[in-house]
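Notes for the one structure printed next.
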Amino acid sequence: MKFHISKRDALPWQKSLFVHVVAILLAVGLIAVLCMTLTGQDPLSVFESIFSGAFGTTRRSWVTLQELSIMLIIALALTPAFKMQFWNIGGEGQVLIGSLTAASCMITLGDKLPNAAVIIIMIIASIAAGAFWGFVPALFKALWNTNETLSTLMMNYIATQLVAFFTIVWEVPKGSGKIGIINSDTMAGWLPQIVNQHFLPIVVALLCTASLFVYLKYTKHGYEITVVGESQNTARYVGIKVEKVVIRTMLLSGGMCGLAGLLLTGGINHTVTTTIAGGMGFTAVMVSWLAKFNPITMVFTSLLIVFMDRGASEVATSCGLNESFSDIMTGIILFFIIGCEFFIRYKINRTKKSGKEA
Amino acid sequence: MFNFVAFIPTAVQQGIPLLYGSTGEILTQKSGNLNLGIPGVMYVGGICGVIGSFIYENHATGALNPFLAIMIPMVCSLLGSLLMGLLYCFLTVTLRANQNVTGLAMTTFGVGFGNFFGGSLIKISKLDVPSITLTKTSAFFSKSLPFAGKLGWFGKIFLSYGFLAYLSIVIALIMAFVFKHTRTGLHLRAVGENPATADAAGINVTKYKYVATCLGCMIAGLGGLYYVMDYASGVWSNDAFGDRGWLAIALVIFTLWKPDLSIFASILFGGLYVLYLYLPTNMAHMEYTELYKMIPYIITLLVLVFTSVRNKRENQPPASLGTNYFREER
């Protein structure tokens with residue numbers, strides 16, 4: 001039997017959804033088998049504890065939603081860059097540098113300025129710092145076509161070491177190797193709590209989703225990003241300044257990552273560590289890609305990833321296993337979804353006789 | 001006075017995992033695949049070796065057979081990383097998935113796999129041991145030449161390493177030779193530069209991509225094995241391997257895709273990685289050690305920018321790096 005592969009036209013969304021659901025079900029099935037062999041429990045009870053890990057109590061649901069919103073903001077931040085085929089793997093560093101800037105404002109200005117002023121400076125400074133971290137690789141790309149995947153990757157580790165450096169500069173108490181909760185007595189620079197401490201990131205994430213959707217779909221900037229992503233030559237031909245678009249989009253991308261960092265430090269953790277972003281800068285790449293760079297779909301893909309992640313750590317702790325189990329589960333689901341894209345983009349034609357080949 | 005005799009062996013030991021990772025990734029990238037999964041593959045290579053020798057050490061009766069003690073972890077490690085390589089190839093070459101996303105997913109999976117089994121191996125295997133400490137196996141891996149100790153500083157700098165260290169250098173040299181002087185190397189480079197042209201010339205693009213990427217992963221996996229078995233004396237601790245996988249990818253750019261250059265560059269990076277331990281530090285200012293650790297990344301970034309500014313043709317990445325080849329789409 002011979003067969004050949006050809007590209008197909010856009011699949012109707014119902015069919016494409018069906019393929020995705022099948023892929024996720026297959027992945028979940030494989031995970032169930034894995035769980036059974038490793039823990040000896042029946043798969044149903046494993047899935048029960050996954051669900052209870054993510055939404056079992058009110059508190060857990062709030063934390064899940066909060067993690068979901070941070071993940072969503074970072075994924076949204078990377079999206080405009082990806083849409084113009086600029087592989088910004090530097091989300092992690094951009095988030096970290098935003099966190100660090102927020103923390104430095106809290107530490108150095110906390111007792112000198114009124115709280116409102118500190119918070120305003122924090123917001124501006126963190127977003128600017130994230131934007132700067134995105135600007136550097138974008139500038140190299142625009143000027144000399146430097147490979148952005150690798151330069152943004154390096155910027156991550158430069159940011160990590162910067163955080164490590166300042167952690168020791170500001171460590172409390174000396175020699176502990178961590179900063180601890182900043183301004184725990186005065187709460188200076190802590191972002192205001194609406195409803196509860198988990199609510200603010202959720203609101204910000206919703207605002208970001210809506211505005212990015214509009215930005216990408218209905219503005220001239222969004223159009224330019226799409227054209228640059230499709231073909232740089234076409235973009236030049238119609239008079240779009242590609243370099244300008246690259247730099248502008250990366251400023252936006254880095255700035256939004258900086259915002260996520262601000263929320264992590266100012267709103268949630270009130271401290272900064274080298275692992276505060278927790279690999280979300282990398283996971284967000286996959287979240288954004290899974291959603292086909294559509295901000296609305298991204299809400300669901302980040303929910304999927306965060307849900308699995310929190311659920312799996314619950315399974316792991318209840319069975320006395322290592323919590324990295326969640327990374328394995330996330331990996332398996334990703335592999336299946338990555339693989340199923342093929343069946344959406346291409347079709348396999350059987351050719352019975354030679355001579356019929358395309 | 002700076003203690004070179006103590007510094008150089010540490011730099012080499014730090015450099016060897018990087019050398020394995022970077023030669024593996026160079027081979028992969030020469031075929032046009034940008035495998036960002038190398039950090040994950042190195043974790044898998046390390047933990048598979050650990051699993052193999054853990055089972056062997058705890059089930060062997062009496063003294064370990066030296067041959068088996070070395071071969072079991074080696075084969076397990078190679079198999080584990082081969083499977084990762086096959087997975088990457090299946091997704092990107094056969095199913096034409098995006099290379100960046102696939103690679104990152106492999107890193108998530110691989111690091112998780114390593115840390116999971118590192119943390120749960122004892123519980124799963126139901127053995128009553130306090131921690132994963134494979135000192136006996138490690139002794140075989142880090143055994144240096146018997147007369148190395150008698151040769152003073154010369155022996156310490158050049159002969160004090162386990163066999164995997166020398167193997168990595170041999171692999172790098174062979175790879176440099178294959179790229180430059182053989183037909184296979186020429187074909188491989190053609191696949192990485194322009195797969196359509198290579199295809200037209202009758203080169204089996206899919207085969208070259210598969211073989212190069214899988215071999216690359218296996219070589220990189222050995223880096224993980226060297227790290228646990230030799231450098232860490234057989235003690236697995238989660239996340240201890242750290243960001244070395246990413247540093248290995250950085251080295252690929254730093255060495256401009258030349259495996260022979262990578263031997264020196266890896267040792268240099270290994271040195272930079274531990275340089276802070278040997279510099280006179282003021283105990284009141286421990287923070288500067290963190291800035292020293294930034295040096296490898298800054299240097300890599302500068303080299304990356306510098307090579308793109310000079311734009312010399314022989315120093316560029318393989319032209320098709322990161323893109324998939326689809327014959328019907330030409």
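Note that the numbers count up from 1, one per residue, in the order the chain is shown.
The backbone N, Cα and C atoms fix where each Cβ goes, glycine too.
Copied over from TrEMBL:
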TRANSMEM  A:21-41  transmembrane segment
TRANSMEM  A:61-82  transmembrane segment
TRANSMEM  A:94-110  transmembrane segment
TRANSMEM  A:116-140  transmembrane segment
TRANSMEM  A:152-170  transmembrane segment
TRANSMEM  A:198-216  transmembrane segment
TRANSMEM  A:289-308  transmembrane segment
TRANSMEM  A:328-346  transmembrane segment
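Between the transmembrane segment (A:152-170) and the transmembrane segment (A:116-140), the number of CB pairs under 8 angstroms, six or more residues apart, is three or more, so the stretches are in contact. Remote same-chain partners of the transmembrane segment (A:94-110), defined as residues 6 or more beyond its termini with a Cβ less than 8 Å from a stretch Cβ, comprise 74, 77, 117-118, 121-122, 125-130, 132-134, 155-156, 159-160, 162-163, 166, 170, 179, 182-183, 186, 188-190, 253-254, 257-262, 264-266, 270-272, 274, 276-277, 280-281. Tallying C-beta pairs under 8 angstroms between the transmembrane segment (A:21-41) and each of A:61-82, A:198-216, A:289-308, A:328-346 places A:328-346 first.
Each of A:61-82, A:198-216, A:328-346 was scored by its Cβ pairs under 8 Å to the transmembrane segment (A:289-308), and the highest score goes to A:61-82. Sequence-remote contacts of a segment are chain residues at least 6 beyond its ends whose Cβ falls under 8 Å from one of its Cβ atoms, and for the transmembrane segment (A:198-216) they are 62-63, 65-66, 68-70, 72-73, 76-77, 79-80, 83, 191-192, 222, 225-226, 256, 259, 263, 267-268, 293, 295-296, 298-299.
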